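Visitor: Below is the structure I would like to discuss, written out as structure tokens.
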Ligand SMILES: Nc1ncnc2c1ncn2[C@@H]1O[C@H](COP(=O)(O)OP(=O)(O)O)[C@@H](O)[C@H]1O
Ligand SMILES: CC(=O)OP(=O)(O)O
Ligand SMILES: [Mg+2]
């Protein structure tokens, strides 16, 4: 499937063409237009193994957008299957990527006052694409969607009820970027997202920080509009709302004038005259005081948010820098991180200085022994939009969201040593019934579990043998045994409690007692169809209208040969009032942690 992606930011137009084939995504054409000034802009096009850069005669993003069809014709780029658009403000209505129709376009239009630097250009792109490629699906991917998981304490302004009821609340933006960044960091660290507390720091012309707690956005620095939070190219970030009254009374400014200035004449531009960090850094280096102060404010504000979000998550495992400034300015990264040593974050200055993001590298730049990792990565908004577009299109197919659910009753996986101890040296378990997952089976033999409070008889043994013995029970079983096991992913057995296994030949006291964290097994093919990737966390609805439940924090495990199946334990099944088998459906809004597995 070939997907055209259009990303209109506040200072740049980024375009990508992607071939999507299951989990595989290849970017075959890439264009960037930025530094719009005096009727011109800079451009860079990468296509067919060649790269071309220079000046283009486009005065602004709209003009560059309108030139796209001619640019594609010039490069002899043929038909697409769909167009994916970045839409900055999706408001309350849009929590997942959506195929656009006229009514939705009207709704997005109505959100323009909340994102005046973005939504108009985003919609212009939709209009041009609809005109040039009529009949092609146009998919909107919203900056706001990833933050749908922010709790009310993070999204609610302390203002009169009538205002809140009218929709005044925090939304947050750059969600597509923050989502990718979290995924990429987890991949680089080599741990699942659900084990990580990440602060994503997106510093571009627009800038925001996001607290990603175990895969979910729980807070972000932009608010109802993309003005709140950090200092940006032309936006103020946080100000005292008292300034509206002061400016109105003192200078007779109208609301519209103040708002315009906060969007367009503030931030780096307000402080120094230039909105471009490259220019500001150059001027600061040559001794200009305004630019020096602007850099200090920019870094200080960002550092405060990192500290705040570490507090919001009760800890911090990684800080990830991205966006034009985050990716390219070693000195800004250093200023931001200096002073965070008390939190266990120490930068390696050489690594920071020599960051190279070529080949989609995401280098770690913390010092040896730093408890908190510091990572730099390019963002990949276009790639994410292409994937979301493919998922939205696939979403039209019926039943694509249902997943078979299997209830795992208590069972034991035994090591070779455990079989020897319980059944006699060299004993081979008898395969009595194959399980749904290929290569796995239930044994004819059974075992007894014993704890300080009591015994559980006839516990199933599942083969084949494993390196380590693992005993999976429910919370209710834990009460029967008198042991309180932790909820763990399979294989994570450090520090788990000891239980006695009683076999026909001998007994064995062993650790490895857990309550298995709910999870979904799937394979690369189904994962792509469902928009899932390994390590991702999803929410799944199971059961009927009356007692059905949404099970949050369900981990995706992609294996080459796994059959798609969700595993829950008997307590969970009872809570949702289902018996042995059921169907689950992914809860779309919360499928937001969907991320790319491979890069172009
Ligand atoms: N080498 C660099 N050093 C410092 N700042 C840089 C560098 N390269 C780009 N930037 C800054 O990145 C910002 C633009 O970021 P970008 O993410 O491309 O923008 P947008 O938000 O429009 O997508 C500008 O302030 C630019 O000056
Ligand atoms: C939301 C936002 O500020 O986007 P950008 O950084 O592209 O301006
Ligand atoms: Mg941007």
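Backbone N, Cα and C atoms are what each Cβ position is placed from, and that goes for glycine too.
Caution: TrEMBL annotation is automatic and unverified by curators.
Annotation comment: TrEMBL describes 7, 381 as Mg(2+) binding site. The ATP binding site annotation in TrEMBL covers 14, 202, 203, 204, 205, 206, 276, 277, 278, 324, 325, 326, 327, 328. According to TrEMBL, the feature substrate binding site maps to 86. What TrEMBL records for 143 is active site, proton donor/acceptor. Taken from TrEMBL, the feature site 'Transition state stabilizer' applies to 174, 235.
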Visitor: I'd like to know which of the recorded positions listed (14, 143, 174, 235, 278) lie near ligand 1, counting only a CB under 6 Å away.
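Guide: If the test is a Cβ under 6 Å from any atom of ligand 1, the answer is 278.
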Visitor: Starting from residue 174 (site 'Transition state stabilizer'), work out which of the binding-site residues listed here (7, 205, 276, 278, 325) have their Cα within 10 Å, and give them in sequence order.
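Guide: Passing the 10 Å Cα cut: none.
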Visitor: By CA distance, which of the recorded positions (7, 86, 143, 235, 381) lies nearest to residue 205 (ATP binding site)?
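Guide: For residue 205 (ATP binding site), the closest Cα among 7, 86, 143, 235, 381 is found at 235.
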Visitor: Quick check for the class: what is the C-alpha distance, in angstrom and rounded, between residue 14 (ATP binding site) and residue 381 (Mg(2+) binding site)?
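Guide: Distance between the two Cα atoms comes out at 9 Å.
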Visitor: Tell me, by DSSP, whether residue 327 (ATP binding site) is helix, strand or coil?
Guide: helix
Visitor: Hey, what's the widest CA-to-CA gap across 14, 202, 203, 204, 205, 206, 276, 277, 278, 324, 325, 326, 327, 328, the ATP contacts in the record, in Å?
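Guide: That value is 19 Å for the farthest Cα pair.
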Visitor: List, in residue order, those binding-site residues out of 205, 278, 381 with a Cβ under 6 Å from any atom belonging to ligand 2.
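Guide: From 205, 278, 381, counting a Cβ under 6 Å from ligand 2 as near, the near ones are 205.
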Visitor: Check the Cα distances from residue 143 (active site, proton donor/acceptor) to each of the recorded positions 86, 235, 276, 278 and keep only the ones within 10 Å.
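Guide: Within 10 Å Cα-Cα: 86.
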Visitor: Please identify, from the recorded positions 14, 86, 174, 235, the residue with the sparsest Cβ neighbourhood, meaning fewest other Cβ atoms within 10 angstroms.
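Guide: Taking 14, 86, 174, 235 as the recorded positions, the minimal 10 Å Cβ count falls on 14.
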Visitor: Which residues, sitting 6 or more apart from residue 203 (ATP binding site) on the same chain, put a CB under 8 Å from its CB?
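Guide: Sequence-distant Cβ neighbours: 230, 302, 321, 322, 323, 324, 325, 326, 329, 332.
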